[in-house]
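*Asks:* Before anything else, here's the structure in question.
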Amino acid sequence: MCSLAAGNGQGAELGPEPLELSDSGDDAGWEDEDADAEPAQGRQHTPCLFCDRLFRSAEETFSHCKLEHQFNIDGMVHKHGLEFYGYIKLINFIRLKNPTVEYMNSIYNPVPWDKDEYLKPVLEDDLLLQFDVEDLYEPVSAPFTYPNGLSENTSAVEKLKLMEARALSAEAALARAREDLQKMKQFAQDFVMNVDVRTCSSTTTIADLQEDEDGVYFSSYGHYGIHEEMLKDKVRTESYRDFIYQNPHIFKDKVVLDVGCGTGILSMFAAKAGAKKVIAVDQSEILYQAMDIIRLNKLEDTIVLIKGKIEEVSLPVEKVDVIISEWMGYFLLFESMLDSVLYAKSKYLAKGGSVYPDICTISLVAVSDVSKHADRIAFWDDVYGFNMSCMKKAVIPEAVVEVVDHKTLISDPCDIKHIDCHTTSISDLEFSSDFTLRTTKTAMCTAVAGYFDIYFEKNCHNRVVFSTGPQSTKTHWKQTIFLLEKPFPVKAGEALKGKITVHKNKKDPRSLIVTLTLNSSTQTYSLQ
């Protein structure tokens, strides 16, 4: 949110006439006298962008802004390469948000006004919106023109345009460098200082999301359909049940916290296993159905239900002995619910307590499915006789969640991430990893698939493990597929070396950005 300026841009008093933008000579004086001769009620005035002064033209306004506020509209337009619509959005953004000049001058790409909502005029008959922004790209004075049509400063203008283009490119490169530098600083700080999970910047990404920002996520879990799908996933639900029922010593007479309890199935398993008290927390509307379910099963004396985010609610106890949660998303980390579990661990888990599941791994495997690749990518080359190949740029960067036929696998799997929920921190959930895929077939590599495995191990008399991989029983998580823009041939026995980087989307920290490098090619994917 930008800081607010002192003025609101809606003043009514016309100040002294400022200097003109350009030196128009003696003619300017005659024009001013003519303007003064016009009836006062016929004049059209426009307010300054940063104070309540009124002016008769856009040029006067811009001159005032430059002299009095150190805001150069010419420089702003050239700095960001603004054309007609970009200029309109800029003016309306300033009118609507009232930012300070310091804030405006500090902006680098991407700009905050690049939204369609700023095409709507804030002021009726705003003279600044009637200004032709192309004038700012023209020479200030008209040069002498020779009979052949060439002007005396043609080369200078061309040089100026070239310099402006280079300046814009340098601005963009500088912005990227600053962003990279900030990431490096944060990484170094986390690595050296081992920042506590309650204070590191990644922690607050999810914890600090406001209700209007996170509403879609929680509302999606308010409908019974998604819970029905999860409950019917036997691999998932029976693994939790078997872990709890086959290891009752972990729950007997213990205080248990269920983070994101949904319908309360894990809480009821824990209660049946002998838990002294189960505290079940969920922000979604499904909690009201969970209350009825708990009463129907006569477990209300053991299970306490609390509606809200674990980062915001107050629990009836200071510490718990066990934390259970089914937090896994597509590619394990999608939706960033593990952040909330780690927050709960940091704040509520007693010394010597346990979090389940406790061990998780993410793996990659190479895929050869030429027909599937053609169906999604080559399809756009000829759509009813029309070339729509430009659509590939939108299709390829989206990771696909679907079941991979195990017959299409052409390599051994490779683990790229190992998570121990007892020791990991939120900053660890954004990572880079080198990997090697050893091919088992001679084929065309068309994609890389990702999946995860879950382990219930700590203090377990009966260890429970399940996999979401393509060679295991299908789960509702399926697999996450990263289609390659350019498939390439491989021979059995090859070692495909690559690198993967996973981090949260800054605009939506519950979604993921995945960058994959393989066969000397790099592609960035979104999972949202």
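In case you wondered, yes, glycine gets a Cβ from its N, Cα and C as well.
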*Asks:* Would you please say which range out of 46-69, 94-117, 190-213, 478-501 has the annotation zinc finger in Swiss-Prot?
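*Replies:* In Swiss-Prot, the zinc finger feature sits at 46-69.
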*Asks:* So how far apart do the S-adenosyl-L-homocysteine binders Arg236, Gly260, Asp282, Ser284, Ile310, Glu311 get, largest Cα to Cα in Å?
*Replies:* 26
*Asks:* Provide the three-state DSSP residue tally for the zinc finger (46-69): helix first, then strand, then coil.
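*Replies:* Reading the DSSP string over the zinc finger (46-69) gives 12 helix, 4 strand, 8 coil.
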*Asks:* Give the helix, strand or coil assignment DSSP yields for Ile310 (S-adenosyl-L-homocysteine binding site).
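*Replies:* Ile310 (S-adenosyl-L-homocysteine binding site) sits in coil per DSSP, no helix or strand.
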*Asks:* Using a 10 Å cut-off on Cβ-Cβ distances across all protein chains shown, tell me which of the binding-site residues (Asp282, Glu311) has the largest neighbour count.
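*Replies:* The residue with the most neighbouring Cβ atoms within 10 Å is Asp282.
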*Asks:* Taking DSSP as the reference, which of helix, strand or coil describes Ser284 (S-adenosyl-L-homocysteine binding site)?
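*Replies:* Looking at the DSSP assignment, Ser284 (S-adenosyl-L-homocysteine binding site) belongs to neither helix nor strand, so coil.
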*Asks:* Measure from the Cβ of Arg236 (S-adenosyl-L-homocysteine binding site) and count the other Cβ atoms within 10 Å, all protein chains considered.
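*Replies:* For Arg236 (S-adenosyl-L-homocysteine binding site), the 10 Å Cβ neighbour count is 20.
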